[in-house]
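As written in TrEMBL, here are the features:
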DOMAIN    308-423  domain 'FAD-binding FR-type'
TRANSMEM  20-39  transmembrane segment
TRANSMEM  59-83  transmembrane segment
TRANSMEM  104-125  transmembrane segment
TRANSMEM  154-177  transmembrane segment
TRANSMEM  189-208  transmembrane segment
Amino acid sequence: MALSWRSWLANEGSKHLFLFFWLSLNVWLFWKTFLLYYQGLQYYYLYQMLGLGLCVSRASASVLNLNCCLVLLPMCRVILAFLRGSQKVASKKTRRLLDKSKTFHVTCGVTICIFSVLHVAAHLVNALNFSENYNEEFLALNAANYRGEDPRKLLFATVPGLTGVIMVLVLFLMCTASTFAIRVSNYDIFWYTHNLFFVFYMLLMLHVSGGVLKYQTNLEEHPPGCFNPNKTLRQNLTVPKAFEELFPDYATEPFPEDFPVPEPFVQNHFMRICSEEPKFQSHFPETWFWISGPLCLYCVERLYRYIRSNKPVTITSVINHPSNVLEVRMMKDDFEARPGQYVILHCPRVSALESHPFTLTMCPTDTKATFGVHVKIVGDWTERFRDLLLLHSNQDTEILPIFQQRRYPKLYVDGPFGSPFEEALNYEVSLCVAGGIGVTPFASVLNTLLDGWKCYKLRRLYFIWVCRDIESFRWFADLLCMLHNKLWQENRPDYINIQLYLSQTDGIQKIIGEKYQALNSRLLIGRPQWKLLFDDIAKCNRRKTIGVFCCGPNKISKILHKLSNSSNSYGTRFEYNKESFS
């Protein structure tokens, strides 16, 4: 399969280039900081004591400061949703970079883990060097109290050491719980451990306030490696009184060329004269400058989200659909959302802390304030949520009586937040592929088109929906039929191309139902022939840019991603988009 470099760059190439740039930036920052400490004379005494451990620890710390600063920004969902929906970011390519926010967050997290290992290893070496290279001449620089002190005391009996050990444990829990296997098998573990980031940042602020590493404050009066005639000369050389009187206390200039100084002293000792002993003090913690801004921004956003989500939500109806799917329709004051966005639901009676994202299948409009979500019952949280909403297990009523609505549990809605599917209406041609319950992002797009399609750029929509059982198509069968009939009445039958695929069957042709005749003719048995499908779409839309949107199994996603990057003979370009809750 030939690869189109233009399509590759438009789809995954930009992400790879950015990741390469980010990795190069971190390596460059590490190397530059390493050279700064390695070559800097102002750190001469401390370098003699710690060696390369100082350079590695400070260089890795600079990289950690940068990544700890930026790792929070992709999690500012409200800001990202604003940028995506505002006219500030008019370029579609720029908006698509916002879809990589989760990837950037993960990249920063992995970078923090890698350079934390380097930082910890360097400080273990520093602890040993402090103990072995204890120097009574520079007491202010010594973290150890005496030569041969147990390095474990520096790790567990000091504020920087103890906070560092705890941070390593917290980071280990966060990283291991973030793996795909744990997130899929037990999302609660991932959720609770990931919220330890607040503890990590609090410990980080304490960690940098220890002031273990110091710098010299009187470089002009005592340049590193200088000669102090009041101390060094008397200790190491025998100099006549007349020779000693020629050195003023304040002199800091090099030896004159014609000055009669013993040759071994000039070659093997010092070249400058100083008047006082070196003075040292702790560095001001630079980490505060890096993380205070993003941390405050994130905290302000979380406070805003908390206030916004506390507005009362009225559940207007609950529908129990086939194949374990529950539809919840709600109303909330001043709630606005765009097609393709998602919300986070929190039900205290189900879980005090746990919450989950769900794509909006119905957005509020000028004529109706109702919005809704479809919940697939696949875990403990969704099962408890269903049991609380449905008064009886066999109930299948859309609008419940008023006296029963009082028994609904309290529900909080946080959002809406942006997603790649907001761009589905911004292409002239869009291909939407759904697998099972992955149809939910496209349901809000279809609902929006039902209200009116002329105000959007979209002029042709290919809608592919793959399900395992026939009952799953009933989730949105009414919506598809209404949209189909509306477009036929408006003489635009080619506006939407609907293809429904039943992947598992007993070999007998099944139909959705007599009331859905418009869909029965579009029901196909088996799986789509993706290559033929892409070729046909490219042929019908020559030299156009088509937005490809996928929400479903990873297997389908990988196939569509690969086909979007492949070239075709019709000059058609496919831009791939994938749902990713961040």
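Every residue gets a Cβ built from N, Cα and C, even glycine.
Residues of the same chain lying 6 or more positions beyond the ends of the transmembrane segment (154-177) and with a Cβ under 8 Å from any Cβ of it are 109, 112-113, 116, 120, 123-124, 127, 130-131, 143-144, 183, 189-190, 193-194, 196-197, 199-200, 203-204, 206-210, 212. A contact links the transmembrane segment (104-125) to the transmembrane segment (59-83), because at least 3 Cβ pairs that are 6 or more residues apart lie under 8 A. The average pLDDT the prediction assigns to the domain 'FAD-binding FR-type' (308-423) is 80.
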